[in-house]
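Peer 1: My questions will all concern the structure given below.
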Ligand SMILES: Nc1ncnc2c1ncn2[C@@H]1O[C@H](COP(=O)(O)OP(=O)(O)O)[C@@H](O)[C@H]1O
Ligand SMILES: [Mg+2]
């Protein structure tokens, strides 16, 4: 029982130290710059909580009192269920109080007029700083330790603490921002409550007009986005299916290389496809010139607008659909098709009556993924949008542009969120109703039926044409960086690369003169910090979901997976709305970018670790427990070593995603912390296509190297270890 | 070690629900120190659940569990003085055999070098000395099983738990390993709780067998007791096959009952029987199969030649009987009429 007291001592010690030493409030220059130490005696904002209380910040009294209460409990009461209950109450009260006072008192006093009229004036306070953060952690620990002493989850403090920390983090970095969108919609510039913005925007014909149906110039942006998403989803599903069928059921000679396609969307920054479409099909595009020269027709600017965006999205997302559908097509038990054939059905009938219906849930899944991706896409519409944008770009322009109308952005974000979440819920319901697609039956030998001939030829043709198109688009990206002025002056040059990545050797040593270096190194640094955090949080969460039973687990898992469906633009806008003002102020820092990446990319780590965990015999954990190891040791010594491949995958994925993503990032970058993608978009807006393309190609090459390097590392490890990892599996079989 | 109760186990009114489903309704069980007790029962009867509650991997919904006289109901698995051999062995595939065995010792705070010393001795104990550097996947199934036993035993637990430890071995190996486990247990004198659904295995290794059915204890006693004095049809049939037939107790005197069955008569220990209708458990090999003479009249309906014995289905006045005849080497033709004489053993009144 000593462990109960020991961990309590640690956390109380930490809390008291934080109250006595650490600055309670946020430091402008950043805590870790330590420049603030010099100002310590002159600026009251830098003082720790105990001093803040002394100079009249009464709102911190309860915090002190609660910690003293916990200290008293520690020494006056033996550990056990009774003390546990009190600790839970203390911790919960502390958290609630921190949230309440943080939200209620802003920089200029009360945040709500009502409170001011009730309690009189109060001095404003800055955002939470190091001290407050540690106290929030301490209160969360008190709750978990108390619950452990009461015997919850078999008294496992490690698991309880992990769960409550995750809930705290997800609440702070997913829920609170989303909530801020909705409250943001009802606030004016000063933060006062108003319905004016919502009332104005919710009926705005620019959003909801259906005039194009009756011959008007264009429909509202909501309908346009929906229409685009439906078209994109249809096309990507169809193409993805064609690719999947060709890859698994025909004698197509280049099947292996088809699979390479699936890596493309991971390593391509989202606007790059749009960019190369401009170079190909824009007004001075290569293909445009060839066709115009041959036919004398005038194409104009058709690529800027929905058709162009659609084309770019289909190019970008078909590989994802292919990836989803190849699993579906392979998952159909061959014996079903063989059974059908022995029942005198020909190939065509077998395909139509057996294979296709079995694929239906998978197709629906691919459709919804395409739908959500299209809705969430920001890069391509930004590059190709021209006058007719979609919701995600419209959100962006309503905060950065001349408009600067946060409530409009909030309304648009809410609409976009409703669309994607509905799609996500539809997908969930559809899948839960029809799980016959997961056939994976036992002992399935047999061969998949080949495609019926009348289907094979059209499908192979489509796939070939589309593959060539994709190839051309990507070649364009690589070559575009070497051409002086695309379409006008096609002479070769290294100018763009020199401009972006120039290095000179001057008197004072090496100088990074290229314009891209700054954002490039920032990007690498932030991606390198974010990747291990993402992997750690994702894997821990996956382990908890896969192996632990706790109340509310289903909800927890559902919420996590739902965050997949939140478009990056919405995340971006929600982060600036949530973290621009106290109690939590992070805009303009590197931290906000890191947190954004961690919680945006975590669900993939979670899925990966759940899948990997499913292959590990659950009795391994239990064996470790019965051998006297606690959960922490079990995780460290048994689970993590066995999850190495999943860890590597999560690391690579989060690293690469941190480099390529743009939609959320573009809201969060600052002059000090600018990211590569945001910088490239800036180049595009200035018309510097050559440099933009050069920079993009460098990013793609860097990511290929990273992925390749990681894969080599994993491969080597497998060679060194003679055994095939899960031996327990083999024994169970 | 001075604790006289060391190794004793007690379940007090233990109940376990999974959601709305009750796996174990009300279990009361005491296990003496140093005994090997088997939980035996058909699949799904709650054996594993019982064992896992003892290990601390499941928490009882109600009731208390005592180990060594101490209430451990709320104690997590890693703080209980019991270890477990898993059905799948659950050897850590990324650690060498020696590291696997040292794992528990190190978890308990032992220094690495000392732990490896201990582990090597444990390996010796199960006859695998010198194989410590291998990975589990480089051992045969039987060897893996022994490593799992060694890993659990080096911690010198009060109680060793074994959940169907032989089910992944082939039939021949099973017999050998179960003897080894029994010998080890008798030599070191630890308490063991052994789960199996195989009655042969249970009869072979146990000091005491607890037969479970639907979460209840159906009967509990020494192997011989269960075989010779089954308390119910279920036990009679589950512990070595048995024909359960109706009979009449004609009279009871001095603990012996005279019994009439389908025209034949025999005398058996009365147990709790009273004159009147009763039921009899008759083992398939409890008959001599004769062409004529006294005994139960019957007609062969099917016969199967199985090398060293012959199996019959025989229709009699007492019902259709399954009979094993090891005495003759040629099967009687179906349809032929026979007389079944009780051989004197393998028959018991069901109390
Ligand atoms: N985790 C669980 N959740 C729900 N039901 C369970 C769980 N574990 C076991 N059961 C049910 O409890 C009953 C007893 O299971 P178990 O103890 O594993 O039986 P066995 O005697 O075969 O080892 C079974 O009906 C099983 O389906
Ligand atoms: Mg079992």
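Any Cβ shown, glycine's included, is placed from N, Cα and C.
Heads up, TrEMBL stuff is auto-annotated, nobody curated it.
Note that the coordinates shown come from a computational prediction; the quantities given were computed from them, not determined experimentally.
Annotation comment: TrEMBL describes A:7-25, A:86-107, A:127-145, A:157-179, A:226-248, A:260-282, A:350-372, A:409-426, A:455-483, A:520-546, A:584-603, A:646-669 (among others) as transmembrane segment. Under the heading domain 'ABC transmembrane type-1', TrEMBL lists A:222-427, A:520-710.
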Peer 1: Out of A:7-25, A:86-107, A:350-372, A:520-546, which stretch touches the transmembrane segment (A:127-145) the most, going by CB pairs under 8 Å?
Peer 2: A:7-25
Peer 1: Do the transmembrane segment (A:646-669) and the transmembrane segment (A:260-282) share at least 3 Cβ pairs closer than 8 Å, excluding pairs fewer than 6 residues apart in sequence?
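Peer 2: Contact confirmed: at least 3 Cβ pairs fall under 8 Å.
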Peer 1: What same-chain residues lie close to the transmembrane segment (A:260-282): Cβ under 8 Å, and 6 or more beyond its ends?
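Peer 2: Tertiary neighbours of the transmembrane segment (A:260-282) are 243, 288, 299, 301, 303-304, 308-309, 311-312, 315-320, 322-323, 326, 377-380, 382-384, 467, 470, 472-474, 476-477, 480, 486-487, 653, 656-657, 659-663, 676-677, 680-681, 684, 689, 692-693, 696, 699-700, 703-704, 707.
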Peer 1: Report, as numbers and ranges, which residues of the same chain sit near the transmembrane segment (A:7-25): CB under 8 Å and 6 or more residues beyond its ends.
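Peer 2: Non-local partners: 31, 36, 45-50, 52, 60, 63-64, 67, 70-71, 74, 79, 87, 125-132, 134-135, 138, 141-142, 145, 157.
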Peer 1: Six or more residues out from either end of the transmembrane segment (A:86-107), which same-chain residues have a Cβ under 8 Å from its Cβ atoms?
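Peer 2: Same-chain residues near the transmembrane segment (A:86-107) but 6 or more away: 8, 59-60, 62-63, 66-67, 69-70, 73, 77, 115, 122, 124-126, 128, 132, 135-136, 138-147, 149-150, 168, 191, 581-584.
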Peer 1: Short question: most Cβ pairs under 8 Å with the transmembrane segment (A:520-546), which of A:350-372, A:409-426, A:584-603?
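Peer 2: The stretch with the most close Cβ contacts to the transmembrane segment (A:520-546) is A:584-603.
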Peer 1: Below 8 angstroms Cβ to Cβ, which residues of this chain, lying six or more residues outside the transmembrane segment (A:584-603), approach it?
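Peer 2: Non-local partners: 26, 30, 102, 126-128, 169-170, 172-174, 176, 522, 525-527, 529-530, 533-534, 537-538, 541, 560-561, 563-564, 568, 571-572, 575-576, 578, 653-654, 657-658, 661, 664-665, 668-670, 672-673, 675.
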Peer 1: Sequence-remote contacts (6 or more beyond its ends) of the transmembrane segment (A:350-372), Cβ cut-off under 8 Å?
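Peer 2: Here the qualifying positions are 229-230, 232-237, 240-241, 317, 320-321, 324-325, 327-329, 331-332, 336-337, 340-341, 420, 423-424, 426-427, 430-431, 434-437, 439, 449, 451-452, 455, 564-565, 567.
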